[in-house]
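K.L.:
Can you read through this structure? Questions will come right after.
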Amino acid sequence: MKKEVFGKTPEGTQINRYTLTNQNGITIRIINYGAIITSIQTPDKNGQAGEVVLGFDNLEGYLAEHPYFGAVAGRCANRIAKGKFTLDGKEYTLAINNGPNHLHGGLKGFDKQVWTVTELSEQNALELTYTSKDGEEGYPGNLTVLVTYSLTNNNELKIDYEATTDKATPINLTNHSYFNLAAGQAEDALNHEVVLYAERYTIVDENLIPTGELPLVAGTAMDFSSPHTIGSRINQVTGGYDHNYVLTNSQNEELGLAAMVNEPQTGRQLEVYTTQPGIQFYSGNFLDGSLTGHQGEVYKKHYGFCLETQHFPDSPNQPNFPSTILKPGETFKQSTVYKFSVRNNTQE
Ligand code: BGC
């Protein structure tokens, strides 16, 4: 495992970048700021390595405003309506940072914290921990979070999440990587073919807060139960895809196949497995060309897409959604696997 200095925060804390590699030419870079995955390089169908996530080669990019590139979002990923919820009879008010709502943990979420790193060289893994103080961004309880990134020789990036708390608190952790498997060879990500293993999704209001209904995707532009390119029906979806799908294969909190993505030009394929009940499929609708990242790529609208495995948005206010409440004495555990491969499309 390689470790190098990446920069310093304004408070003077040194940020390091760690590089994991495997036998098949995959390279993953992670920093201890935001537990951010800054880079994933994988071979295409001709064995040519390329960058498949959006991100920056310097810390300044991450210290400036950016839309959660590669970061761990928490304490609660996604939105909580009006930043309010009631737990054990007490109302809590969270930081508001997205219109009227709380998004991805607030003003200084887990994506903007410095994490403590343990290198697990034998497992080709990196362990990052962070303790979020009672009252941070409005959340109750001291919460200790452990995120482990491991890279296997099966070309899997495995992300394991664990957490414990001393007061009951909602928790919803995800990784917010933006993928583009064309690795700089395409205008945007709209040609990626996507399958989502979901029959229903959480329909949202104009502030992207779920109404509580779980309509069927069948017969609509939301249906990715068979392969469709991101772009083929995106114009039928107001604002583009930014929806949480109810996953079919991970109902028992065991790893189940959640998504499969193929980039036809380079043959790169990505499978996503998770223990979580939902996945936010986000088609990079708010990217606007104002950020330039790896290799000078301009991150314009739809340049990357996210597959954020998670609990459903606004769960603390939705009694019918799977619970996100972690209690003292319990251990929060979730895992997600991003598996990289290539598909030789000409042989099909
Ligand atoms: C949300 C989007 C948001 C993006 C970046 C996604 O998880 O669903 O609405 O714009 O994150 O913050």
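Backbone N, Cα and C atoms are what each Cβ position is placed from, and that goes for glycine too.
TrEMBL annotations: computationally assigned, not manually curated.
Straight from TrEMBL, here's the annotation block:
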ACT_SITE  H176  active site, proton donor
ACT_SITE  E308  active site, proton acceptor
BINDING   N78, R79, H176, S177, Y178, D242  beta-D-galactose binding site
K.L.:
Do any residues at least six apart in sequence from the residue listed as 'active site, proton donor', in the same chain, have a Cβ closer than 8 Å to its Cβ, and if so which, in order?
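P.N.:
Set apart from the residue listed as 'active site, proton donor' by at least 6 residues yet with Cβ under 8 Å, we have P67, Y68, F69, G70, A71, V72, A73, A77, H104, D111, C306, E308.
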K.L.:
Quick test of your reading of the structure: among the binding-site residues R79, S177, Y178, D242, whose CB sits under 6 A from ligand 1?
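P.N.:
Only D242 qualify.
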K.L.:
Can you tell me how many other Cβ atoms are located within 10 Å of the Cβ belonging to N78 (beta-D-galactose binding site)?
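P.N.:
Neighbour count, Cβ to Cβ under the 10 Å cut-off: 28.
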K.L.:
Around D242 (beta-D-galactose binding site), how many other CB atoms lie within 10 A of its CB?
P.N.:
17
K.L.:
Give me the count of other Cβ atoms within 10 A of the Cβ belonging to R79 (beta-D-galactose binding site).
P.N.:
22
